[in-house]
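Engineer: This is the structure I have questions about; it appears just below.
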Amino acid sequence: MQRLPIEQYSALLAEKQQKLTALLAPFNSPPLDVFASETSHFRMRAEFRIWHEQDDFYHIMFDQKTKQRFRIDQFPIASQLINQMMLALLPLLKQHNILTHRLFQIDYLSTLSNKIIVSLLYHKTLNEEWLQAATQLKQQLIKQGFDVQIIGRANKQKICLQQDFVDEILPVKNQQYIYRQVENSFTQPNATVNCKMLEWAINCTKNSQGDLLELYCGNGNFSIALAQNFRKVLATEIAKPSVSAAQFNIAANKIDNLHIIRMSAEDFTQAMNGVRAFNRLKGINLQDYQCNTIFVDPPRSGLDMATVKLVQNYERILYISCNPYTLCENLQELTKTHRIEKAALFDQFPYTEHMESGVWLIKKSN
């Protein structure tokens, strides 16, 4: 892997700050709160293709521009734990032919709490012999001091040697939050910047009256940290593994005012507007909630127009965006009814064009 341009980090971040400031200028945004990343070892997950060459094999990546493959032995943007595991894993895999045969990818998911999942992906069916060798591999890694989960994946097959999750512990505002992270589900990749995002969101919403609604809550990353600022929190999520992780996280963090329902933002919009009833909402009276704050963290495509209209009904809007261009499209509508009170840049992905941002909007008085 090429050396990281660490000495350029501040200049690259300043460039992003200028770009986002310019994008938000038409909406009368206040100056940005800027949250920097660690300059190396900041990424908690990584995926590598495996290249086989005669008796050898190694991690590779592809150059996005030239599509050329290049060998990776160390990966300075990934956590120290992932780098340690990369060095330890390959020599051990080489001891077991059954583990290397038709292996085409390795995924790593690590935590600040020093746990790691290694997923081995194959172009073949995994059998009992594979399971025995993988169990031996896991024991060898535990002997080296790793707190590791091993998962084997193949077409329509997933074998967990113990479990397919790790429990992360995030320090946020003098509190420790437990988050179950499930393999192959979305988690924030930059843990220290995620902590800064949570702190910023808590600061925005402190002294809130009433209840919070969150759309697209994932494993409860934001709603769990924000629950302290509200009477009640109602959150929606569509992916089953994320919903069950969120339910675990609610219990683990002893949160008693947060309810998660498994439905899409679009369906929830229909339910809120009384367009149709949903079985999934049985036992939940939407009238019991006085949600005057809404939190959205949509996919790269931003909010669809129906959800923008729904969001505009709320007094306060907290919007976390992974795509400033779709954020600005949404702001063209949202700023007709709301003003930007605070805006932030979170450098989740250093040394890339990617910009994670947040805006805190308050309804304009008529």
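Just so it is clear, glycine is given a Cβ too, placed from its N, Cα and C backbone atoms.
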Engineer: Going by the S-adenosyl-L-methionine site in Swiss-Prot, where Gln188, Tyr216, Asn221, Glu237 are listed, which of the candidates Asp107, Asp297, Asp304, Asp347 is also part of it?
Structural biologist: Asp297
Engineer: Quick check: with Gln188, Tyr216, Asn221, Glu237, Asp297 left out, which same-chain residues have Cβ atoms within 8 Å of the centroid of the S-adenosyl-L-methionine site Cβ atoms?
Structural biologist: Phe186, Glu214, Cys217, Gly218, Asn219, Gly220, Phe222, Ser242
Engineer: Between the recorded positions Glu237, Asp297, Glu356, where is the Cβ count within 10 Å the lowest?
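Structural biologist: Checked Glu237, Asp297, Glu356; of these recorded positions, fewest Cβ neighbours within 10 Å: Asp297.
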Engineer: What's the number of neighbouring CB atoms sitting within 10 A of the CB on Gln188 (S-adenosyl-L-methionine binding site)?
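Structural biologist: A count of 24.
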Engineer: Can you grab the distance from Asn221 (S-adenosyl-L-methionine binding site) over to Glu356 (active site, proton acceptor)? Cα atoms, rounded to a whole Å.
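Structural biologist: Cα of Asn221 (S-adenosyl-L-methionine binding site) to Cα of Glu356 (active site, proton acceptor) measures 15 Å after rounding.
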